[in-house]
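Trainee: Just passing along the structure, written as structure tokens.
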Amino acid sequence: MKTKRIKLLALPTLVWMGALFVLPMILMLVLSFLTRGTYGQVVYQFTIDNYIRIFDPLYGLIFWDTLVVAVLTTVFSILCGYPLAYYISRLDKSKQQIWLLLVMIPFWINFLVRSYAWVIILRSQGVVNTLLQWLGIIDEPLTLLYNSGSVLVGMVYTLLPFMVLPIYVSLEQMDHRKLEAAYDLGATPLKAFWHVTLPMTKPGVVTGSILVFVSSIGMFVVPDVMGGAKSALIGNVIQNQFLSARDWPFGSALSIVLMLLSMLLILLYFKATQAGEAKEGSA
Amino acid sequence: MKRFKSLMVGVLSAALAFTAVGCSSSSGGDAQVLNIYSWADNFDPDVIADFEQKFNVKVNYDVYGSNEEMLAKIQAGASGYDLIQPSDYMVATMIELGLLEEINKENVPNLKNIVSTFQTPPFDPGNKYSIVYTWGITGIAYNKNYVKEQPTSWNDLWKDEYKGRVILLNDPREVMGMALIKNGFSNSSTNKTELETAFADMKTLMPNVIAFDTDNIKQKMIAEEAWIGSVWSGDAAYIQAENANVDYVIPKEGATIWADTMAIPKGAKNKELAEKFINYLMDPEVSVKNYESIGYSNPNEQAYPLHSEEYRSNKMIFLDPADIARAEWLVDVGETLQEYDRYWTEMKSGR
């Protein structure tokens, strides 16, 4: 009786997900086995050529480049996000709320607008260069934009909240008595952090990493706006299939492969982190 | 052709469309409705308001950000639109796919006002399905502060002194087309060796490129981030108005000419009203008002003497006939588009 009622409550969401998530997915899978017509229309003729085309070494290299960027983004997000989450979790409750609000406020502003704001800050006549020149630190404007460094800055900036919030939640849920126990037993703050806090907040780091990784692997706006559209990441290649090459079947095939690849990597990541946990548990 | 801006405007106009629907249903509204699907800011709002008043009709104006977006919506069918504005190559594609209605010439007598060359464009000779609305040429915009000698050739973009300062349109056909023209080939070549030559040439240009950009190329030239690059004539006029150091030239090898057109999608409910509107826009006096507001080149020959001195003396809007003669249309390359896309991807992957 009770579960039935709960099921009823979940029904709208299930229908919603079914219509907007599962259906497009099926559509994409079907499309990926169809043929592109001469004028870019979809021809209903079965083929696996779209998948064979992906084995062109060029696309392999692009998948690799995309992975490197996604992994770097995730690592830098942990390095920047963990200390911030840790700091916030140590504040008074009222101050915590202000800080959490500050972390989330950028979400209220359109993501494209925020990326262009970075362009205004970093461009050759931008805020940073003008300030440095005015202070006499540099003579010529520095090239801060349109390279792989600025793409990374943009990606980490955009995705950082996805890392901070889950880590903050697991820091909040941590049992502080265990930390006190560690201190009582003579652990240095560093040791206590390494052996108590870090392992206990691992679920937050894992969740944050997956959110950041998955979001960055399909990203195409940041490389376009902050990288000057000079690099080809897989998200850009897919976008081009729909917006310039008019090759929906190939774009769909690339999307399917990208999805399978990220699912595989997440699975491996889960396995690796769980294996670590099991070892700790038995020790 | 103004993707970013149009995205923003798209959201706004969608919101407005909802309120508009609300209004018309409450007032009963027996007026005929013309549904336009076009680029953002493509009409003077006053010109539309005048049309509504004069013919006692209502105009709905939705916007798209790319030809492909528009194509997808029209192809899906029952879009409800009466007038669309596909670009040149897209007209050819839509004709092939049977997505356009033939325009009834009897309803558009003002067609005779259009410059004769635009009455026989290669993508639709004889204006059976489309009439040129705005047009321009992709030439070289350059900043005189950094580019001391006036460029004459596409070769100038390859000069070492412009390392990291060249900007290009973020469009495979435009960029490959430029490299093809530079090497003496057609901008719509489907010849493998020619494409290979153009691609190899493009690879050597990459160290000079600061960015590929279509939506925001104007800002990058105005803010002097880029010194020189391939820019649409209409955008160049906009840039020069904001930064007087920027000038514009059409290289001696030739360049790509483009146009956005007026066309009627298959199955349009108000075809005659759409034709009435097309004819109205080609009225010389209406077109003067319209084009001076939107700042694009007017294809209406009868309107030339009526334009303001400022508009007429702008060489980026009133392009030199000799330059136009050297310009070449992009035509649909069919299956070769996949090759273009692969070269484009390889170029950007830096390998």
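Each position is counted from 1, following the chain as shown.
Every residue gets a Cβ built from N, Cα and C, even glycine.
Please treat TrEMBL annotations as automatic predictions, because they have not gone through curation.
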Trainee: TrEMBL has B:ASP171, B:PRO172, B:ARG173, B:GLU174 down as binding spermidine; which of B:TYR81, B:TYR89, B:TYR238, B:TYR248 does it also list for that site?
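Mentor: Answer, per TrEMBL (spermidine site with B:ASP171, B:PRO172, B:ARG173, B:GLU174), from B:TYR81, B:TYR89, B:TYR238, B:TYR248: B:TYR89.
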Trainee: Please report the number of other Cβ atoms within 10 Å of the Cβ of B:ARG173 (spermidine binding site).
Mentor: 24
Trainee: Taking the residues B:TYR89, B:ASP171, B:PRO172, B:ARG173, B:GLU174 listed for spermidine, what is the greatest CA to CA distance in Å, to the nearest whole number?
Mentor: 14
Trainee: Reduced to three states, what secondary structure does DSSP give B:ASP171 (spermidine binding site)?
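Mentor: B:ASP171 (spermidine binding site) sits in coil per DSSP, no helix or strand.
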Trainee: With an 8 Å cut-off on Cβ-Cβ distance and a minimum sequence separation of at least 6, pull the same-chain contacts of B:PRO172 (spermidine binding site), or say none.
Mentor: B:TYR340, B:ASP341, B:TYR343, B:TRP344
Trainee: As a test of the contact definition, list every same-chain residue at least 6 positions from B:TYR89 (spermidine binding site) whose Cβ is closer than 8 Å to its Cβ.
Mentor: B:ASN67, B:PHE123, B:ARG173, B:TRP329, B:LEU330, B:VAL331, B:ASP332
